[in-house]
Amino acid sequence: MEPILTVSHLQKYYGGRGNVTRAIDDISLEVLPGEFVGIMGASGSGKTTLLNCVSTIDSPTAGQIVIDGREITRLNGKQLSRFRRERLGFIFQDCNLLDTLTAFENIALALTIRRTPVGKIEGRVRETARLLEIEDCLNKYPYQMSGGQCQRTAAARAIITNPALILADEPTGALDSKSARLLLDRFEALNREREATILMVTHDAFTASYCHRILFIKDGRQFTELVRGNKSRKDFFGEIIEVVTLLGGDSGDVL
Amino acid sequence: MFFKLARKNVTRSMRDYAIYFITLLFGVCVFYVFNSLENQWVMELLAEQNSDYVRAILQLTDVVSVFVSVVLAGLILYANTFLLRRRKRELGTYLLLGMGQKTIAVLLFAETMFIGLLALVFGLGLGFFLAQFLSAFTASLFQMTVDEFHFVFSWRGVGKTVLYFSVIFLAVIICNCVLVARQKLIRLLQAQRQNEQIRLRSVAASAVMFVLGVVLLAVAYGLLLKRGLLTIDRIFWLMLALGTAGTLLFFRSLSGFLLRICQSRKRLYYQNLNMFVLRQFNAKINTNYLSMTVVCLLLLLAIGITACSVGVNSTVEGNVERTAPLDMTLRLDDDYFVFAREDLPDALEEAGFDPENWLGDFAVVCRYAVKLDEPIPLAEDGRELNDAYIMSLSDFNALTALRGEKPLVLAPNTCGMAEGTEPESYGKPEREAWQDGALFSIGGHVYAPDPKVYHTGALYTSEIDLSDVIILPDEAMETVQKETIWLRQYYLAGDYAEGVDQEHAEELLWNVWDETLFDQVEERGSDPDGSSAFGLSLSTKQFIYLDTMGTKILVLFIGLYLGTIFLITSAAVLALQMLSQAADNVGRYRILRKLGVEEKMRDRSIDIQVFLYFFLPLLLAVVHSIVGIKAANDVIAEIGKLDAVASSTVTALIILVVYGAYFLATCWGSRRMVRER
């Protein structure tokens, strides 16, 4: 199977002239269609920089990123916007909904900026909302919804365009455990039913345990990789904790 | 070092300072233009001919300047506080680094000085050119041929501008010091985190409010059109209140109403960022509707004043043609019948102005005011016509012949009518009676109106409005009883002879009138009771021309001055509000960028929002002023009609330049503010 995301020998340096910070120092990875991949690492390990590079918000110093057959490091500003709009879906830690728009409109916005025919918008929004179980709050404004509902609305916004790759940056970071579990259940459902490819950055071991495969990053380099295979989530969680301990991140980062 | 930091601060935050700078620039520029009038060549030219008006213009601009400087001071202070609010975090950082509050005050002082000096220099430069333009424009109004066009730099204007603005800057500096001294460090540093609470209101309520607002406006319009502009009583204030309330409700509900309409048009609503723009507009209306209302009313003032002042101008022009058909007219009041008709030219000749020499054709005619033998009842309310002005047919023909008109003929026992120039509002009993076919009984005879003998337009030149005159056959004059005559007036009217130096003739005529003519007149007629029996008055076309021009220029200058200042104020207030909101929107636009909205689309959505805020108050203000000017027209119709095309062109041009500049600066500033960070 062709990988949907190929990152090869990616480097990202900040600063210059003898004062270089190597945020990413040679990372390579591949994500296959339909995979649910997690990236873990302590603060400052470069995981968010990696995600920023993949999501075209930041540009790498060296190396290649190929998404869905396109070399994105060579795209110009306008092409990048277009690529981001059409091939990628984003979910952020703070859900980043527009507070002046209702949930429905927030989800629909992802379609209107792609100039989707008007007739299709309503149906698609409702269908996606059903999948994420937020049909009840479609007419609410973000400030009227709970954090979990906001995050699921953001998820709906991310997947409604059927992106090749969904990028999630600490999606459960601001949620309580119940909401987090609900969101992750929905992620699993998306992955299963829509065969959505998800790349998720997290430093929470429980959140990571929903993934099929986890890459650990330390000091800008790949540290190790865990594959869930047929293990139960509980066993997988245990394995993750072991690696995290080995990585020596702050204890606060574990749970 | 402070100056360096101050200069860097200003240049670095130019996008914030742009609106502030433009406001200062326009303020200085307009202020200089109108306070340098005294030294403008066109005013010097005017003063040679009619110094009264020049003095009046200068005094009035002085008074208005005080008012204007207060308005500008308020505006500049507002802009300054806005800027300071935007820079809270920066100031907090200075404090955190250990800079004292005094030092910060000095820093702000240096910044104010820097930008103030910059604005003064550029504003004076711009004002210098604009003043030349205004001079040329004024000269063209006077149809003056300009042979001594030269650039004038008015040191007095500069001095006054610098003085007034120094005071304003001083106020700004004091205000800055107070603001800085009151700030707490924690507040300054956390300023950015304080978010505005967004309250959203029901859309149905806004629809009701919208309808209510429109109804209130319609009622106010109706009252205004029906009652005219100048009946100032309780209902007038009620009308103003209704209009203001209507405007307020209109803006309060407009966004919700627009939102609802657009939502029902899905094709429009779900296109590009329209949904976002409309929601933004709606979310901010709570904070904005008040300022939009104020801006709308200020714009109304600006448009109204400018349009009316420019419009009155063009009406005055036609006035001269109407009231001054001949180059000169000399009137002699001789109520005691001591004078013969021929005596008047002779007296004039001996006084030093030979009419045969200086005037081409001229006529000496006589007009009487007589008591009618029988009062004529007027159609309504039992009023009666007791007196009438009369003139003989040959005198009338002599006057019309001066302008090459054909002589008219009157059958015996009929009378004609020469219309005067009194405005409609005076009521015209003579004309009314004449047109109704009433019989005029004078000197024991009765005269029936002959519709064929009817003359319109002034018969001779007069500063004072002329009354209607009944034209009688020549023989009728002999029958008029001396006792019934209560006014006898001789007129010597004519045009200057061709080929003579008209300016010299005019000057000579006025000199004679002022110095020697009266003596000559008294010498010729003996007064019965030892007191003077005569009245002399002179009207010349040139004098009337300059006189009306003086009024015209006075109204024009003051109107332009105030109108422009109101325009600057309203545009600046809007621009500052838009910018402060753009700062709140940074986060929202960051989300849009992450979602993959192109820069072009984001910029467009900003432009649309700014456009809505600028355009909607302007639109309503234009509608208001169309109604207002229509009502004003009825007042101005007394002296003519507003020239709609000319006045709206000039007004539109001024609005385009000032409002347009602020609009562009706001778009530019908002875009930049949202694009970064």
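Backbone N, Cα and C atoms are what each Cβ position is placed from, and that goes for glycine too.
All annotation found in TrEMBL is predicted automatically rather than curated by experts.
For reference, TrEMBL has these:
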type     : residues  : note
TRANSMEM : B:17-37   : transmembrane segment
TRANSMEM : B:57-83   : transmembrane segment
DOMAIN   : B:63-175  : domain 'ABC3 transporter permease C-terminal'
TRANSMEM : B:104-134 : transmembrane segment
TRANSMEM : B:162-181 : transmembrane segment
TRANSMEM : B:202-223 : transmembrane segment
TRANSMEM : B:235-259 : transmembrane segment
TRANSMEM : B:289-312 : transmembrane segment
TRANSMEM : B:553-576 : transmembrane segment
TRANSMEM : B:610-632 : transmembrane segment
TRANSMEM : B:644-665 : transmembrane segment
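Counting Cβ pairs under 8 Å to the transmembrane segment (B:610-632), the stretch among B:104-134, B:162-181, B:289-312, B:553-576 with the most such contacts is B:289-312. Highest Cβ contact count with the transmembrane segment (B:104-134) among the listed stretches B:17-37, B:162-181, B:235-259, B:289-312 falls to B:17-37 (criterion: pairs under 8 Å). Same-chain residues lying 6+ beyond the ends of the transmembrane segment (B:289-312) with a Cβ under 8 Å from its Cβ atoms: 244, 247-248, 251-252, 254, 552, 555-556, 558-560, 562-564, 566-567, 569-571, 573-574, 577, 613, 616-618, 620-622, 624-625, 628-629, 632, 636, 639, 642-644, 646-648, 650-651, 654-655.
Long-range contacts of the transmembrane segment (B:235-259) within the same chain, counting only residues at least 6 positions beyond its ends with a Cβ under 8 Å from a Cβ of the stretch, are 201, 203, 205-210, 212-221, 223-224, 227, 278-279, 281-282, 285, 288-290, 292-293, 296-297, 616-617, 620, 624.
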